[in-house]
Amino acid sequence: MESLGNYNFAEKSKEKLLNSGSFNGDGDDDELEGNKYLCFTSMINFWKYLVDFGGKAWEMGRSDPRKFIFGVKMGLALAVVSLLMFWKKSYHDVDQYSIWAILTVIVMFEFSIGATFIKGFNRGLGTLFAGILACCFSQLAFWAGHQWEGPVIISSIFIIGFLASYLKLYPTMKPYEYGFRVFILTYCILMAAGNRTGKYTEAVVTRLVLIGVGAAVCLAINICICPIWSGEDLHNLVVKNFKGVANSLEGCVNGYLNCVEYKKIPSRILTYEAAEDQMYKGYRTVVESKTQEQNLLDFAIWEPPHGPYRMFKYPWKSYVEVSGALRHCAFLVMALHGCILSEIQAPAERRQVFQNELQRVGAEGAKVLRQLGNKVEKMEKLGHGDVLKDVHEAAEQLQKKIDQRSYLLVNSESWEINTRHMQFKEPENILDSNENENMQLGYKSLSETVLDMRSTPSAATSDQSAENLFTKHASWPFRVSFNGANEYKFKTYESASALSLATFASLLIEFVARLQNVVGSFEELSEKAEFREPILNALPTKTRSGFWPRLICCLRFKR
């Protein structure tokens with residue numbers, strides 16, 4: 001009790017508070033150091049991000065210099081229009097309204113000529129109608145007097161906003177959606193400015209003139225300095241699509257025959273996102289290019305004749321139709337790639353049986369696509385020969401091989417001829433009855449494929465014994481036997497694996513059939529666009545050098 005009485009609780013509590021205070025001080029120092037480290041790390045990460053962003057921006061300009069040129073042209077157009085700000089003491093104070101010309105350049109200047117034209121048309125049309133209606137309603141507000149001027153202006157803004165917003169939802173008005181927005185914006189600004197200054201007509205005319213100046217600067221700089229044409233981009237995109245499908249087709253056929261397997265299918269392929277796989281990249285680009293083609297088509301029809309496209313109303317829509325027919329083939333290439341990605345695969349030895357035929361069809365199909373792509377690029381018509389002759393012959397050879405070796409593509413044990421054979425408990429009974437034998441051989445024509453009897457006459461097959469009939473099955477690939485339920489699972493998997501090879505072959509034949517649509521679309525394009533006739537490969541001629549030979553040739557030409 002005495003020791004407890006001498007125990008000073010106040011001193012002990014004070015010591016604890018001092019200790020806790022010193023501990024908190026150390027914690028504050030550690031927290032401060034942690035914040036400094038975090039700030040330093042954030043600055044380093046931000047610097048790395050800037051360096052990485054700068055590298056990507058530089059790479060973008062290096063891969064497509066047109067983007068860098070577009071930025072230069074945009075800056076030049078803004079600089080030229082900004083000179084209006086220094087036009088002091090001019091008529092109607094143009095320097096005060098120069099912002100209209102600057103805004104016109106900002107909203108109208110686009111990457112391609114066609115996009116600039118359609119933006120300029122929408123802005124010009126919207127501004128013109130807004131100016132006309134602003135003049136009409138401003139005059140109506142003036143006649144209404146000072147008391148009713150405000151209600152007239154507010155009512156006109158409501159009516160214009162309602163009608164424009166409603167009409168732009170009409171399906172055929174979709175290309176002019178930007179024009180409706182400009183119309184509403186310009187009308188509201190003109191009415192507000194006229195109400196403030198009391199000079200509606202002057203405000204409308206001044207703004208229309210400055211908008212016209214901005215549009216003229218846009219078109220002049222965009223056309224005269226390294227013009228970028230949407231029609232040319234559409235042309236190059238179609239050529240690129242042909243090459244992409246050809247590369248994917250060859251890659252899928254060669255990969256399937258070489259038994260290419262993915263250790264793990266990339267997640268970007270499973271979710272149909274962009275990936276670096278060449279077989280996947282080629283056809284995906286074609287499938288995903290539909291929206292880009294439509295946008296380029298909408299811009300290209302606004303462009304004037306230029307370069308090799310010197311025809312008025314150039315058939316740009318036919319380019320989209322050709323690409324659409326090509327996309328129809330690309331879907332089959334996607335299915336061929338799906339056979340490679342499938343979990344169930346045909347054995348390598350069965351693929352080797354059809355290797356030559358499959359490889360030839362793939363090579364000839366890719367050859368046709370590349371030839372059509374080159375013709376589009378050079379703007380040449382097809383020759384007098386049949387461009388599909390070789391690929392059709394290759395497909396026929398593949399079909400014949402399938403007919404001859406069809407027993408490798410199905411589970412023959414489930415066929416009706418074999419089921420009927422299993423119904424006989426004693427096979428030697430078939431030898432005793434020629435009638436039963438004839439019934440077995442002639443029951444189903446599909447059995448001719450299995451027994452390979454198409455090349456032999458029917459009289460010879462009737463003399464064939466049942467022993468020879470069933471020894472045909474011994475030439476099939478050896479099957480491992482299982483007992484019980486495992487045997488059924490194995491046979492099911494074996495049948496599915498054989499059908500995967502049949503699926504791949506049938507998809508390849510269907511691809512050849514769809515090539516006819518691509519060729520037909522190209523021929524229609526070549527006629528409408530007036531492609532030139534193909535240049536025959538002539539033998540090289542020796543050119544004479546020297547003054548006298550050239551003079552003689554010149555005199556002959558004059559005669």
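Each residue, glycine too, has its Cβ placed from N, Cα and C.
What you are looking at is a predicted structure, and each value in this text was computed from that prediction instead of being measured.
According to TrEMBL, the transmembrane segment annotation covers 68-87, 99-118, 125-144, 150-167, 179-196, 208-230.
With a cut-off of 8 Å between Cβ atoms, the residues of this chain six or more beyond the transmembrane segment (179-196) that come close are 107, 121-123, 125-127, 129-131, 133-134, 137-138, 149, 153, 156-157, 160-161, 164-165, 167-168, 173, 203-204, 207. When each of 68-87, 125-144, 150-167, 208-230 is checked for Cβ pairs under 8 Å to the transmembrane segment (99-118), 208-230 comes out on top.
Highlighted: of the candidate stretches 125-144, 150-167, 208-230, 208-230 has the greatest count of Cβ pairs under 8 Å to the transmembrane segment (68-87).
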